[in-house]
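Each remark here refers to the structure printed beneath this line.
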Amino acid sequence: MYDWLNALPKAELHLHLEGSLEPELLFALAERNRIALPWNDVEALRKAYAFNNLQEFLDLYYRGADVLRTEQDFYDLTWAYLLRCKEQNVIHTEPFFDPQTHTDRGIAFEVVLAGITGALKDGKSKLGVDSGLILSFLRHLSEDEAEKTLDQALPFRDAFVAVGLDSSEMGHPPSKFQRVFDRARNEGFLTVAHAGEEGPPEYIWEALDLLKIQRIDHGVRAIEDERLMQRIIDEQIPLTVCPLSNTKLCVFDDMAQHNILDMLERGVKVTVNSDDPAYFGGYVTENFHALHTHLGMTEDQARRLAQNSLDARLVKP
């Protein structure tokens, strides 16, 4: 079944480039940039991946991202991910990148962007992997900080398909960012946002009504609100669900409890994604395979999930 799932044409719509930084590349970049790491070797770092919640993961994620310093570093990070896409027949990807993770460390916005977009361009010409880049604001920072990031992005407007919202969800509702999302839409950006991962269904309502998003990232807690579920079904609003991430971060205690197939059978346009695959133990095919192993996902369900991902692209072929 793994090989069949791997060969299935699919899109990935929820992937943080910084979260695809594998331990081996992290150590290689640290050596290249002469950065001391708190882990002795790759295995010690892998053991550190036993986090219990979103915040513990984010602390490690931001520490790991510190090795990314130069345009070449960002190119190498993105290229390594695109090679995985090619291996797993991900024919289209819409990755997030978090400028603030890097600009707050003194890395110039244009340095980060040049490395990422250079790799995405080569991914199209050399690997046949299409893409659309999403600029994501960090919700644990202020809306004013997000406004500054949007200002930095505007000279490179054509590099992006959308803006998004990620990082620590609890205590940082979508309403906190209504102004900057209004402005981004006026500048021609499409909009997406993380909502309903750790946060309540109310955050999904806010993302839809205040941020006017085209797609919900995560959204698994929508199932707790029947009126919200009906709206998502009626309007066919896509959800970019990340099963391995959800179990690793204890959104669900184990994969057998995940609700993605229940949502699929109710008519929700759910998709399968890897989120931060270096940290969560698998890329897209591994996520599909986990659904087959633990939830009994059928070939028909897998085809529908893959087709949903292709239908939910912001960048249309």
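Each Cβ is built from the backbone N, Cα and C atoms, and glycine gets one as well.
Remember, it's a predicted structure, so these values are computed and weren't measured experimentally.
Summarising the annotation, Swiss-Prot assigns active site, proton donor to Glu197 and lists sequence analysis as the type of evidence. Other C-beta atoms found within 10 angstroms of the C-beta of Glu197 (active site, proton donor) number 24, with every protein chain shown included.
Taken from Swiss-Prot, the feature Zn(2+) binding site covers His14, His16, His194, Asp275, and the record attributes it to sequence analysis. In the shown protein chains, 27 other C-beta atoms lie within 10 A of the C-beta of His16 (Zn(2+) binding site).
The substrate binding site feature in Swiss-Prot is assigned to Asp276. Within 10 Å of the Cβ of Asp276 (substrate binding site) there are 24 other Cβ atoms, across all protein chains.
Positions annotated as site 'Important for catalytic activity' by Swiss-Prot, on the basis of sequence analysis: His218. Around His218 (site 'Important for catalytic activity'), the same-chain residues six or more apart in sequence whose CB sits under 8 Å from its CB are His14, His194, Ala195, Gly196, Glu197, Leu239, Thr240, Val241, Cys242, Asn246, Val251, listed in sequence order.
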Spatial neighbours, same chain, of Asp275 (Zn(2+) binding site) - Cβ under 8 Å, 6+ residues apart:
His14, Leu15, His16, Gly19, Cys242, Leu244, Ser245
Which residues, same chain and not among His14, His16, His194, Asp275, have a CB within 8 angstroms of the centroid of the CB atoms at the recorded Zn(2+) site?
Leu15, Gly19, Phe96, Asp166, Asp217, His218, Thr240, Cys242, Ser245, Asn273, Asp276
Validating a neighbour-count step here. Other CB atoms within 10 A of the CB of His194 (Zn(2+) binding site): how many?
28
